[in-house]
Amino acid sequence: MAQVMISQHPLVQHKLTLLRRATTEPKKFRELVRELSQFLLYEATLDLPLQERIVDTPLAPYHGHRIAERVGLVPILRAGLGMVDPILDLIPTAHVWHLGLYRDHATLKPVTYYNKLPPEVDVDLCLVLDPMLATGGSAVAAVTVLKEWGASRIKFLGLIAAPEGVQALHQEHPDVPIHLAAIDDCLNDHGYIVPGLGDAGDRLFGTG
């Protein structure tokens, strides 16, 4: 799939291995999510358009550039929250809107319980953030909500995916690029990615 990009950066693969360890404590887990999110953001924004900007250095004017597009971050609650701050560190002007989607454990289907999108679209690029792309239901639902809202350019950023989730998102929204650190083997009977890393939300926030 041309729209699925898996980072092969050695640091990404090194840190992803540390993230997966069952013995990694929540504090270290959050730090690793932060670092991996920034690596993925770097790769996902390589095509951001630029416009010329002139600034004064201590010696002379300099003809430089600035990002031409307005960026919006859409973390899927709650695990997506762990990816917001590291991205804001690099794009401090980004807008942040929250979508609350939980997976019904009986049907494995997403249920929307929170939506804080403004009345009108005021960004050029939306980045949907969720560390885990498992069944793909939440990601598909989030992108659908954004398109119905009027967003025209959307990308998905996640750390680990199952083939089923990638297929579901790509099939429903083939125009949405998917940026990942890894695609794992499969989903188990409970809808968890295998080998995965467990429940990302629980590990981020020390619950479960």
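Note that Cβ sites are derived from N, Cα and C of the backbone, with glycine treated the same way.
There are 18 other Cβ atoms within 10 Å of the Cβ belonging to R78 (5-phospho-alpha-D-ribose 1-diphosphate binding site). Per Swiss-Prot, the feature 5-phospho-alpha-D-ribose 1-diphosphate binding site maps to R78, R103, D130, P131, M132, L133, A134, T135, G136, G137, S138, D199.
Residues annotated as uracil binding site in Swiss-Prot, with sequence analysis given as evidence: I193, G198, D199, A200. Under the DSSP three-state reduction, I193 (uracil binding site) is assigned to strand.
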**Prompt:** For A134 (5-phospho-alpha-D-ribose 1-diphosphate binding site), which of the binding-site residues I193, G198, D199, A200 has the nearest Cα in space?
**Reply:** I193
**Request:** For A200 (uracil binding site), identify the closest of the binding-site residues D130, M132, G136, S138, judging by Cα separation.
**Result:** M132
**Cα distance (Å, whole number) from G136 (5-phospho-alpha-D-ribose 1-diphosphate binding site) to G198 (uracil binding site)** = 16
**Complete:** Least crowded of the binding-site residues D130, D199, counting other Cβ atoms within 10 Å of each Cβ, is D199
**Message:** Please identify, among the binding-site residues R78, D130, G136, the one with the smallest Cα-Cα distance to I193 (uracil binding site).
**Reply:** G136
**Request:** In whole Å, note down how far the CA of G136 (5-phospho-alpha-D-ribose 1-diphosphate binding site) lies from the CA of D199 (uracil binding site).
**Result:** 15
